[in-house]
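Feature annotations, courtesy of TrEMBL:
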{"type": "BINDING", "residues": "B:HIS123, B:TYR127", "note": "heme binding site"}
{"type": "TOPO_DOM", "residues": "B:1-7", "note": "topological domain 'Cytoplasmic'"}
{"type": "TOPO_DOM", "residues": "B:29-149", "note": "topological domain 'Extracellular'"}
Amino acid sequence: MHRFANPARFLRLARPASAVCFWGGLLIAAIGLYWGVFAAPADYLQGESVRMLYIHVPTAWLSMSGYAGLAIAGFSALVWRHPLADVALLALAPVGAVFSAVCLITGSIWGRPTWGTWWVWDGRLTSMLVLFFLYLGVIALARSYDEPGRGAKMASILALLGLVNLPIIKFSVEWWNTLHQPASITLSGSSIDGSMLWPLLTSALGIGLLMASAVLMRMRALIAERKVSARLARLAAA
Amino acid sequence: MKPKSQRLFLIGAAVAALIISALLAMPALREGAAYFYAPADLAAADVEPGQPLRLGGLVEEGSVMRLPDGVTTTFRVTDRLESVPVRYSGIVPDLFREGQGVIADGRLQADGTFAAETLLAKHDENYMPPEVAEAVARAEAEAKARPAN
């Protein structure tokens, strides 16, 4: 990882990588979503509303993995002071916030016809809402200091503290009685039929690549922004 | 120790301590953080009648009855250990059916029935097309029909 902490080397890789992730992600997500929404069968119990699965579950997985990425970036920012770790943290936070918001919104829309309610305060839903607020907190904290380095440091600390929420989200449905059902995909297999599982995994891969391309593009933009302000500062000093 | 490895050690230990303490503390919240009582919890908890609470479990097979007034449904909620009779007036959710999960908000009456004010359908982690569900049901029926040995 340290090898890529050099911004110049990172940029050389990120430029083609963001294009590959974007176009590849767009294609794979389109295939996965078409497969899930139009071609896959309806559920025996839920009927057509099960199609929310193909967007709700990928965004749930990705907002949690995004938070793990945020914590890794925060950890390397605090321990090794990599300049790129700050950038990764700032680039990831809004993208993750959007993914967790989409997960909450689609879950709510799915909950109405299946459970009979838009929202309940059970362990899973509440811990997912906390994840959304953690993302917002990281964004707010990073921006609340005049000196950007200090903001990134505080945001890194919050990102690490918030890491406890990930196992809480994961195990909420096992530790406590919740309205949300337990995990369908576990180490021992999947209780989602293959005709629904494959489109789900495809759209998760596609949406994941799109998320990666958004983060890479934001990182490149943030690095460019920093270069501009450094150059302006040099010009002003001269 | 170099400052870098000192930071690595300190921050790594702090994060590990935080996560381990959460993993230990959270399951202990069991009662407090539970969204509903299962029938067996209710029997063990010795709840006063009239106190608002949530009851969750499976709708017992063969227990659903629509009363002649047209709006009231009665059924039993079971967790395979205990079961509680429930009475609900209103439109039941689409997924409400025998053998499926349900969560009822309401109060326990003095006669032991649970008067539900709202009813939510819970569903399980299984997703399959109707043909597969039929095949599973057929296979289960055949297994049941075969004499046990």
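Every residue, even glycine, has its Cβ placed from backbone N, Cα and C.
Because TrEMBL annotations are produced automatically, they should be read as predictions rather than curated entries.
The shown structure was predicted, so the numbers you read here are calculated from the model rather than taken from an experiment.
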- [ ] Tally the residues of the topological domain 'Extracellular' (B:29-149) by DSSP class, grouping H, G and I as helix, E and B as strand, and everything else as coil.
- [x] 27 helix, 43 strand, 51 coil
TODO: Provide the three-state DSSP residue tally for the topological domain 'Cytoplasmic' (B:1-7): helix first, then strand, then coil.
DONE: 5 helix, 0 strand, 2 coil
TODO: Give the sequence-ordered list of residues that share a chain with B:HIS123 (heme binding site), lie 6 or more positions from it, and have CB atoms under 8 Å from its CB.
DONE: B:LEU95, B:GLN100, B:GLY101
Open item on the list: Just to be sure I understand the packing, how many Cβ atoms besides its own are within 10 Å of the Cβ of B:TYR127 (heme binding site)?
Closed with: 26
Open item on the list: Need one number: mean pLDDT over the topological domain 'Cytoplasmic' (B:1-7).
Closed with: 81
